[in-house]
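Participant: As annotated in TrEMBL:
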COMPBIAS  198-208  compositional bias 'Acidic residues'
DOMAIN    71-171  domain 'ERV/ALR sulfhydryl oxidase'
REGION    182-208  region 'Disordered'
Amino acid sequence: MTRRVRFGLLVSGLFAFMTILYLSFGSSQPTLQSYESSASTPSLPFGGSIDSLGLSEGVLGGGAIAPKLGNETLKKELGRASWRLMHTMMARFPEKPTPDDSLALQTYIKLFARLYPCGECAAHFQTLLEKYPPQTSSRNAAAGWACFVHNEVNTRLKKELFDCNKIGDFYDCGCGDGDGKGGHKDHKGGKGAAAPDDNLDSSSDDDLLSSFDELAEGALKIEKEEGLTRGD
């Protein structure tokens, strides 16, 4: 075999070897298309993706989850605390919310309606949401909507209606602006005026803690009565 033939065989062998290496490892390198694909489905810290969460309309629009709440005392206390939370949240909502802010509030209200621990109350509230969808375009819109819906509940319960023009005065938490300025404002509803539900006047921290303790004790009592505690 001549030297030229040997050299040709050597070159052919090297070419074949490099081709095999490229086919084996070259295709595993990331490409621009793969980066674009991963960017379109952002990953989550626990390894999943947003698409894999499978959040359907049923999650937000499904029926009430909690069973019926038979304890009328606890039901009233729960209602007062929940309305106070709702109205204070609306009073703290941005005056000019971003689209994400508005969507977050809408989502919260729908989930709140599903998870409310009084099943029959939750079902009624969901009916109101279908008839009067949450308004989250601004602070005034959100606060006015919450007051209107609250008055719808008061109408059903044959309670006195509240002047929604005064809602901001009763549910000013005195938190101040975001820059740390501002302090507690006095309520301007007038002497003897009532909040949307039964006498939700300003309460001290001790009073609020006592109310939460009573709610917790009442919930535990109901669980024991209905045999819902673990191990029963």
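A Cβ is built for glycine as well, from the same backbone N, Cα and C atoms used for every other residue.
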Participant: Looking only at the domain 'ERV/ALR sulfhydryl oxidase' (71-171), report the model's average pLDDT.
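Facilitator: On average, pLDDT over the domain 'ERV/ALR sulfhydryl oxidase' (71-171) sits at 91.
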Participant: For the domain 'ERV/ALR sulfhydryl oxidase' (71-171), jot down how many residues DSSP puts in helix, in strand and in coil.
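Facilitator: The domain 'ERV/ALR sulfhydryl oxidase' (71-171) comes out at 76 helix, 0 strand, 25 coil.
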